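So that you can see what the record holds, here are the features copied from Swiss-Prot:
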- 22-46: NADP(+) binding site (BINDING)
- 155: substrate binding site (BINDING)
- 168: active site, proton acceptor (ACT_SITE)
């Protein structure tokens, strides 16, 4: 009996069965990959996006795969909509939430001198304000679950300079620091907080830009761009009971880019 119980505990360390999760921006890209990863591992997932049509298309695919996913329309740059989202999540999951993945985000690439006040406000609201406010709103639900995990989807632009815009980099750097602060403050509530920082990930936009492709491959020791499921797997790991002593960390998923000192890949 003792051996059977030990085996069950070991199995549960690598499962999200019975857990609840909220993933913002889950209708495409990294967010969609995260939703599918968590659901595949047994979690009940709620996700949101601005585009209802895209959400419904995803729902049909998820239902066909047997995933338990609910959805709602939400623009995370809106404080009122964030509050309505969390009220909805609290109702669906009976006041308890195990996992929050603040994934929704956006970017505007311009020289710093060309940014407008509207650009600044929009990027801050979508990337940083939403991550802070949703974490704040989710705190009582995460605490009530007895074991909570927050993952902030940041970027390597929050760790090193990348030519994608100073405001975007500032929001992502702030998210990394937010994860550290919340990890320390909320550890007593058994809530862990980490940030994940992807480098360029394969998307149609990226794949159609040959110059960008060449530059990324030159600067990445592994010589290739990453795939969405190589990021979602880390997000899932950070939510496993097996990761119960990992908190306050900023983890790059970048094929070695951030430790490459911006060196171009040599021709051998």
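Keep in mind that glycine also has a Cβ here, set from the backbone N, Cα and C atoms.
Comparing C-alpha positions, residue 168 (active site, proton acceptor) sits nearest to 155 among the binding-site residues 22, 26, 42, 46, 155. Across the fold, the C-alpha of residue 22 (NADP(+) binding site) and the C-alpha of the residue listed as 'substrate binding site' stand 20 Å from each other. Of all the binding-site residues listed (26, 42), 26 sits in the most crowded Cβ setting, with the most other Cβ atoms within 10 Å. Contacts of residue 155 (substrate binding site) defined by a Cβ separation under 8 A and a same-chain sequence distance of 6+ are given as 162, 164, 168, 169, 172, 197, 198, in order along the sequence. In the three-state DSSP reading, residue 22 (NADP(+) binding site) counts as strand. According to DSSP, the residue listed as 'substrate binding site' sits in a coil region rather than a helix or strand.
Figure note: comparing Cβ neighbours within 10 Å for the binding-site residues 22, 34, the maximum is reached by 34.
Of all the Cβ atoms in the protein chains shown, 23 others lie within 10 Å of the Cβ of residue 46 (NADP(+) binding site).
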